[in-house]
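Let me begin by presenting the structure, written as structure tokens, before commenting on it.
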Amino acid sequence: MIENLVIVESPAKAKTIERFLGENYVVKSSFGHIRDLEKKDLGIDIEHNFQPKYEISPDKKAIVKELKQLAKEAKTVWLASDEDREGEAIAWHLFEVLGLKKENTKRIVFHEITKDAILHAINNPRDIDKNLVDAQQARRVLDRLVGFEVSPVLWKKVKPSLSAGRVQSVAVKLIVEREREINHFVEQKYYKVTGTFETKDANGNSIPLKAELSERFSTQEETVNFLEHCKKAAFSVSDVETKPSSRKPAPPFTTSTLQQEASRKLGFSVSQTMAVAQKLYEQGHITYMRTDSVNLSQLAIGAAKAVICNTLGEKYSKPRNFATKTKGAQEAHEAIRPTYMDKESISGDKNEQQLYSLIRKRTLASQMAEAELEKTTITIAITGEKHTFEAVGEVIVFDGFLKVYMESFDDEKEDDEAALLPAIHKGDQLQRSLIQALEQYTTHPPRYTEASLVKKMEALGIGRPSTYAPTITTIQNRGYILRESRDGTERQLDQIDLKGQDIKVKKISRIFGAEKKKLFPSDIGMVVTDFLSNYFTNIMDYNFTANAEDALDHIAEGEVEWQSMIGTFYQPFHANVEKTLKESERNTGARELGKDPQTGETVSVRIGRFGPMAQIGEGESVRYAGLLKGQLMETITLEEALDLFKFPRQLGEFEEKPVSVGIGRFGPYIKHNQLFVSLKKGVDDPGTITLETAIERINEKREIEKNRKIQEFENGVQILNGRFGPYITFNKVNYKIPKGKEADKLTFEETMEIIAKEGDSKKKTTKKTTKKAAPKATKKETKKETKKETKKKE
DNA sequence: CAGTGAGCGAGCTTCCGCTTGACTT
């Protein structure tokens, strides 16, 4: 017999709570939701007032069985899932599925995992809030209806297996719209002028003062005119203004801000951040990592204060409570913070240590005093000229929170170092040493990174802390967007120097348009976004989720029945689905580029069965070519499209066999005597590569092939060098070499032993996976792809 | 792996939010 059974959502939480509650309590975890709408079909009985058809999730069968047994034996069952819509629903599903009875079931909630908070919760139980549960059911049903009615429209009208959803479709739209903004952006040339002046410090040493002209010139003529004027002009300090300012620390981390800072400061992807944070959480180093709250417990605020006072002194301490401003925040947890504030570092790998340190610094900084700054602006007048030079400097009077943590921003400029300015006064005359004008260009809005997309989604109230990372993975796996780095192109810019009485123009080179791990839309992403925006305008509206949230709030307040809210949405929505199926054209994003100058036939692009392609002519003479990576149907030119048809191109002969360049599914390649060699990215251009370079690549590949084989035994077993180091291959199956063995010293017996062992474990794992429910399609896809890739590389 | 792009039709795909593993490369 069990006295008390407490059910929480996370096993790590269960472990901690069990410690606080003592032996009369058994604490178990449900591992999140245990039940969901039927996986197959719609799972909603439209005819009967949208009655949901729930089923136990396949991977939760075992845990449900265990909980059922424990619940039967327990005197009291405490449902302690999170205090938000989803948590309330989990409690209700548990109540239903475990067959609990009202008289011995209690619903409790706590926002922080401290003994006091939990005991307080135990002493203040309540009933399940059915209105809140209904709000969750409405949310769930709405998402299913949108996803499962719109996706099939895409299958019919665009391409099979595509997906649409309240969150993902809008996330893709953000990236598509940004790309179009960039394409339509017209850059403006201007000249930025900086002056360097000689000043002297108290000891008579000269100190240069750098100042920027308040005006930017748009032509070289104007710029040179100005420099000509400066030749004989005098410069004097017309104003020195000093203003005190202060800077406040940022609030402690939420999931979204943690992902952003880890991306900017540590270069983590959002899923990487979550994986590392999960480890820290499981080891008890930090509080829960999926949260939208900036709230800290009193305990944490006190602990932070103690650490700050002890290590830095009292004047650095300033306890604060932060208010959450995020739309639709549910605040079931605390902000992300260290569980033990005084623990400066933790054991673990480098990533774990770095992320922990980031979280700790951010938390401490949030509880520290403002930084006191002094901003000085020096204005330098030019005789006979209305424009002035300005130098801005910032001095930290008191560092405050900056002592431990400085927040980063996406658009940080490199040369924005707030310099220390020399002590000069109004009326001082200045000598110019150099006046320099540099040709510059306005820049288009930046492409999203994973983290800045999360920031935008959060601002729009789209998605939740638990879904930001998976959503980004999904839209990449579906091929709607891709994350890429691109080398910029080099450009020659004019730099015009005035030194003494000489004006000199010189060319300097700068790299433009380099992108690092940015999000780009694909053709399919653009076509799908356009299609959905056309036919499902309301769902693609950035306010759709925010409006839905308002309606869900009314349900949670008990003012509206959830079925009536869904009914209001569904009636016109479903009619629109039917109408779109009947009336809309198949959408391939087809676009005419012009005429082929050689044949006069029409050149066009569209999405074909295997992706984006170009086409010349129709009927008998039709020719096709796939687009290259990085080319978009929307922006490809006629010339670029025509270039695609120049392949395969014959380069000549090598060792009496023809050498040709072609473009395949995996990019440009050289073909010679059954051997395929990829071109070197960024170095070789398939249009211009010479026979000589091609032979070089062929020889390089032969060299690699030669070094590939480390050992070979009589029965055909080989030890090879692969992309990930040495491995064993036998009968087309690969086996990894256990750690501590050296590939070149393995004997035949040892090798066969490894094959036998590895083979066994391989069989086991395949059995396991077949036993389990079919994995999600996205997972399948990634698995397939990685397999393919390894094959390709080895 | 190095091309492909028709049309037919079976049978499949798909959502968002809660949670962790079990995969290995």
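Note that the numbers count up from 1, one per residue, in the order the chain is shown.
Yeah, the Cβs are placed from backbone N, Cα and C, and that goes for glycine too.
The following features are taken from TrEMBL:
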DOMAIN    A:3-113  domain 'Toprim'
SITE      A:His33  site 'Interaction with DNA'
DOMAIN    A:129-577  domain 'Topo IA-type catalytic'
SITE      A:Arg139  site 'Interaction with DNA'
SITE      A:Arg140  site 'Interaction with DNA'
SITE      A:Asp143  site 'Interaction with DNA'
SITE      A:Trp155  site 'Interaction with DNA'
REGION    A:163-168  region 'Interaction with DNA'
ACT_SITE  A:Tyr288  active site, O-(5'-phospho-DNA)-tyrosine intermediate
SITE      A:Arg290  site 'Interaction with DNA'
SITE      A:Arg478  site 'Interaction with DNA'
REGION    A:757-794  region 'Disordered'
COMPBIAS  A:764-774  compositional bias 'Basic residues'
COMPBIAS  A:778-794  compositional bias 'Basic and acidic residues'
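Taking Cα separation as the measure, A:Asp143 (site 'Interaction with DNA') is nearest to A:His33 of the recorded positions A:His33, A:Trp155, A:Tyr288, A:Arg290, A:Arg478.
Within the region 'Interaction with DNA' (A:163-168), the DSSP-based counts of helix, strand and coil residues read 1 helix, 0 strand, 5 coil. All chains included, 21 other C-beta atoms sit within 10 angstroms of the C-beta of A:Arg478 (site 'Interaction with DNA'). Cα distances from A:Arg140 (site 'Interaction with DNA') to the recorded sites A:His33, A:Trp155, A:Arg478 are smallest for A:His33. For the region 'Interaction with DNA' (A:163-168), the model's pLDDT averages out at 98. Within the domain 'Toprim' (A:3-113), the DSSP-based counts of helix, strand and coil residues read 46 helix, 30 strand, 35 coil. When the C-alpha distances from A:Trp155 (site 'Interaction with DNA') to the recorded positions A:His33, A:Tyr288, A:Arg290 are tabulated, the minimum falls on A:His33. Nothing from the recorded sites A:His33, A:Arg139, A:Arg478 places its Cα within 10 Å of the Cα belonging to A:Tyr288 (active site, O-(5'-phospho-DNA)-tyrosine intermediate). For the pair A:His33 (site 'Interaction with DNA') and A:Arg139 (site 'Interaction with DNA'), the Cα-Cα distance reads 14 Å.
Sequence-distant neighbours of the region 'Interaction with DNA' (A:163-168) (same chain, 6+ residues past either end, Cβ-Cβ under 8 Å): 142-143, 146-147, 150-151, 153-154, 457, 462-463, 467, 471, 474-475, 478, 480, 528, 532, 536, 539, 544-545, 548. In this structure the C-alpha atoms belonging to A:Arg139 (site 'Interaction with DNA') and A:Arg478 (site 'Interaction with DNA') are separated by 24 Å. Neighbour counts of Cβ atoms within 10 Å were compared for the recorded positions A:Trp155, A:Tyr288, and the top value is held by A:Tyr288.
Counting other Cβ atoms within 10 Å of each Cβ, the lowest count among the recorded sites A:His33, A:Arg139, A:Arg140, A:Arg290 belongs to A:His33. The two recorded residues, A:Arg290 (site 'Interaction with DNA') and A:Arg478 (site 'Interaction with DNA'), have Cα atoms 25 Å apart.
When secondary structure is read from DSSP and collapsed to three states, A:Tyr288 (active site, O-(5'-phospho-DNA)-tyrosine intermediate) falls in the coil class.
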